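Trainee: So TrEMBL says this about it:
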type	residues	note
COMPBIAS	212-222	compositional bias 'Low complexity'
DOMAIN	21-171	domain 'MARVEL'
REGION	200-231	region 'Disordered'
TRANSMEM	27-49	transmembrane segment
TRANSMEM	69-92	transmembrane segment
TRANSMEM	104-128	transmembrane segment
TRANSMEM	148-168	transmembrane segment
Amino acid sequence: MDIGGAYGGGKAGGAFDPIAFVQRPTVILRAVCWLFAIIVFGCISSEGWREEANGKEYCIINRDGNACNYAVGIGVIAFLAAMGFIAGEYLFEQMSSVKTRKHYVLADLGFSAFWSFLFFIGFCYLTNQWGKADDPPNGEGVNNVQASIVFSFFSIFTWAGCAYFAFLRFKAGVDPSFSSTYESDPSAAQQYAAYPASNDNDQFQEAPFSGQQQQQQQQQQQRADYSQPTY
């Protein structure tokens, strides 16, 4: 992972290289998260529910509707979030504001760590309920539920990896050479303020004590005139 510029990204305005973009570890990991999320909620949505004779549906994971809903919920949100962060990776290099980059990195770090924790909870929950469940008729849906559980386990590490990359970005901080086009440097204003403002009228001010010196010279001249003898 390249570290430079501000929070792991270079200066804004550079040329976009699609090949280099898809080869980034963060983008690859987001794509894996996106794929795993589809498997988690897709398997439960397609084969996780059965219909009884009275027309009422039930979850085949120990008839616990919360288990199926939980897997679908975290999977759908992870699917949408992964797409959003992939778009964010594209826009990250175009962010000129250091504050905007910092907020994005913190949001990435917080969400990825939290969703890794939710997938851990989901894996434990689904595993526990599936171990108590009766075998579905004709074994329908067994492979789907097992796939959802397995990829929930894998998603723990993929989202944790995303959080780790976000932490590296946050730790990298801002390179001193990085300058934003849209942000002013507050230190520059302090440097200019350090110099006192000059007054053009100062050069025309009379030197101090010049009036007193002139008066003393006139008094000395008058004394010299009185001291001269008269004929």
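Note: Cβ is positioned from N, Cα and C throughout, glycine not excepted.
Please treat TrEMBL annotations as automatic predictions, because they have not gone through curation.
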Trainee: Which bits of the chain, at least 6 residues beyond where the transmembrane segment (148-168) starts or stops, bring a Cβ under 8 A of a Cβ in it?
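Mentor: Answer is 1, 3, 8, 25-26, 29-30, 32-33, 36-37, 39-41, 43-44, 48, 71, 75, 78, 85, 105-106, 108-109, 112-113, 115-116, 119-120, 122-123, 126-127, 130.
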Trainee: Quickly jot the same-chain residues contacting the transmembrane segment (69-92) by Cβ under 8 Å, restricted to those at least six beyond its ends, or write none.
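Mentor: Here the qualifying positions are 9, 16, 21, 24, 26-27, 30-31, 33-34, 36-42, 44-45, 48, 101, 104, 108, 111, 115, 118-119, 122, 125-126, 148, 152, 155, 159, 162.
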